Amino acid sequence: MIARCLLAVRSLRRVGGSRILLRMTLGREVMSPLQAMSSYTVAGRNVLRWDLSPEQIKTRTEELIVQTKQVYDAVGMLGIEEVTYENCLQALADVEVKYIVERTMLDFPQHVSSDKEVRAASTEADKRLSRFDIEMSMRGDIFERIVHLQETCDLGKIKPEARRYLEKSIKMGKRNGLHLPEQVQNEIKSMKKRMSELCIDFNKNLNEDDTFLVFSKAELGALPDDFIDSLEKTDDDKYKITLKYPHYFPVMKKCCIPETRRRMEMAFNTRCKEENTIILQQLLPLRTKVAKLLGYSTHADFVLEMNTAKSTSRVTAFLDDLSQKLKPLGEAEREFILNLKKKECKDRGFEYDGKINAWDLYYYMTQTEELKYSIDQEFLKEYFPIEVVTEGLLNTYQELLGLSFEQMTDAHVWNKSVTLYTVKDKATGEVLGQFYLDLYPREGKYNHAACFGLQPGCLLPDGSRMMAVAALVVNFSQPVAGRPSLLRHDEVRTYFHEFGHVMHQICAQTDFARFSGTNVETDFVEVPSQMLENWVWDVDSLRRLSKHYKDGSPIADDLLEKLVASRLVNTGLLTLRQIVLSKVDQSLHTNTSLDAASEYAKYCSEILGVAATPGTNMPATFGHLAGGYDGQYYGYLWSEVFSMDMFYSCFKKEGIMNPEVGMKYRNLILKPGGSLDGMDMLHNFLKREPNQKAFLMSRGLHAP
């Protein structure tokens with residue numbers, strides 16, 4: 001997705017918090033588990049391990065639960081008049097840090113381990129810990145003491161971020177129903193545990209899906225030889241095509257055989273159809289029930305309360321307004337595509353059915369790009385070998401944000417293809433964090449693109465700072481003999497986007513783990529990474545990112561100009577598809593009696609103008625529904641309003657590699673993490689309220 005990884009976020013939001021300046025007030029019986037946990041939280045070090053066996057994962061999961069619960073119990077047993085900031089809130093915040101770090105080692109391997117048994121153990125650990133998270137987040141004794149603390153402590157004597165932590169803790173307690181009767185609390189708790197398990201299973205099913213189709217060479221017509229040569233062959237000399245991105249999208253964009261594309265699209269949008277449809281049928285009503293018990297009309301209303309949009313009515317108005325503005329552009333693009341199809345069917349002797357099918361869309365959008373801008377992505381990718389792109393990307397971010405990156409030798413990683421880098425502030429030499437790059441597909445690996453926050457950059461109990469650690473997990477094509485991994489331009493854009501999330505994780509400098517990295521409002525979290533996508537649409541920036549893999553020659557200037565100009569190609573249909581997904585997400589979380597497949601089909605016809613293929617159920621493959629974006633997928637478009645405003649008003653005006661603007665962005669947008677509201681950060685950066693002008697221009701629309 002960003003695709004946003006919510007591993008750390010989930011732990012942070014579900015476990016009320018924790019930290020350890022209760023040394024003066026807690027007894028010796030609590031100190032032992034805290035000391036045991038403290039070995040994992042050391043200032044300036046990456047303490048993560050990736051060599052745990054399934055048995056160790058299981059054992060350490062239970063140990064973590066016992067150790068963390070002891071701290072919560074100690075806080076919960078404090079006499080109400082004994083409660084202080086140090087022995088209550090600070091204590092909870094301290095143990096939260098240790099919990100997150102240890103949990104990462106237990107639940108992250110499900111997404112990246114090459115060992116199926118390790119992945120299974122990690123998934124079970126995630127389920128077990130998620131249930132524990134819910135138990136701890138619904139401790140009435142803890143909530144009572146936090147409320148008492150707010151009522152009695154001198155808020156003027158604690159730092160603003162600590163006040164925010166206190167206020168958020170009480171807000172989350174109420175959103176967990178801790179102000180409601182015990183019977184209702186227990187009902188909510190039971191449903192939340194079930195919801196958590198369903199979400200984990202939904203995405204596990206997608207990650208573990210190993211479906212492939214078999215085609216003859218003739219059925220792969222117009223696909224480049226280097227792609228076909230990279231495919232695994234069957235005993236009868238046919239080719240295996242998986243549904244992973246490096247296989248699926250080249251076929252859908254370049255294969256001239258409609259039946260091949262139809263079979264691929266059908267298989268892609270029926271992945272996990274049976275099991276994930278059942279999960280959605282259970283998950284969506286549970287979310288609604290919990291929301292209603294908490295006093296909200298719908299689940300969408302519940303989640304939006306914490307976002308910058310605030311209400312379903314604002315989201316609906318935004319999506320409907322944008323859809324109407326894009327309608328003429330979408331109609332024109334569909335007409336152009338239909339004419340292309342009609343001509344090609346005549347030229348190739350195919351039957352012309354007079355409509356754009358779901359399996360036609362990517363193919364003819366690719367042809368549109370080639371015809372209107374003379375852009376051949378297969379030719380162009382020869383200038384984007386992954387080593388050159390990576391070097392250019394890292395240099396860009398270093399120069400722009402005042403950082404230096406150093407690749408670590410003999411690094412402890414989860415797969416030999418993974419690399420690890422240390423990040424330092426260029427001016428001071430201070431170590432800010434580390435990041436892993438996991439770039440190639442493997443069996444059982446997370447099959448989209450995401451940044452995973454692994455270790456929070458925050459203060460430790462002794463006042464020192466834990467360095468942030470993140471992982472960029474994507475699935476670019478594997479290198480083959482005589483040729484490195486070559487990236488399409490849209491993959492270069494994905495690389496920049498996800499690395500923007502990595503920089504958010506690393507550059508945030510907060511006191512509390514709960515506010516570290518990308519722990520901002522869900523409809524703001526994409527702002528920093530989307531803003532940095534603009535660098536792959538700039539001629540000078542593209543020169544830094546490209547070089548022919550054979551002779552090192554640069555991309556011709558006229559081709560670069562055409563590539564940049566092609567940014568607006570198909571923008572109507574691409575944006576309308578995002579609106580479709582956003583509307584489906586909103587609908588499913590406002591009216592749970594709806595059938596997901598039917599709702600998707602309805603919006604595809606009404607908004608996109610391209611019918612969904614009968615028999616498919618795209619929502620069953622829609623990982624965002626179970627990955628932390630429930631009721632919030634609109635955030636991709638919503639946050640782009642802000643990201644485009646920042647780019648055009650500052651970077652475009654003052655120079656996209658202007659280090660002063662880059663440091664302003666680092667200090668005002670990245671560094672605060674979630675310690676400030678997203679809208680406050682935007683106002684600090686823009687010195688005004690944000691507007692839609694730049695966003696509409698980026699979509700080829702008139703900005704009033």
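Think of each number as a place in line: the chain as shown, counted from 1.
Using N, Cα and C of the backbone, Cβ positions are placed for all residues, glycine too.
The feature transit peptide is assigned by Swiss-Prot to 1-37.
If you draw a 10 Å sphere around the CB of His497 (Zn(2+) binding site), it holds 22 other CB atoms from the protein chains shown. The Zn(2+) binding site feature in Swiss-Prot is assigned to His497, His501, His504; the stated evidence is sequence analysis.
Annotation source Swiss-Prot lists active site at Glu498. Annotation note: Glu498 (active site) sits in a helical segment as assigned by DSSP.
The N6-acetyllysine annotation in Swiss-Prot covers Lys664 and rests on a large-scale study or a structure entry. Classification of Lys664 (N6-acetyllysine) by DSSP places it within a helix.
The least crowded of the recorded positions Glu498, His504, Lys664, judged by other CB atoms within 10 A of its own CB, is Lys664. Cα of His504 (Zn(2+) binding site) to Cα of Lys664 (N6-acetyllysine): a distance of 14 Å. Within 10 Å of the C-beta atom of His501 (Zn(2+) binding site) sit 27 other C-beta atoms, taking all shown protein chains into account.
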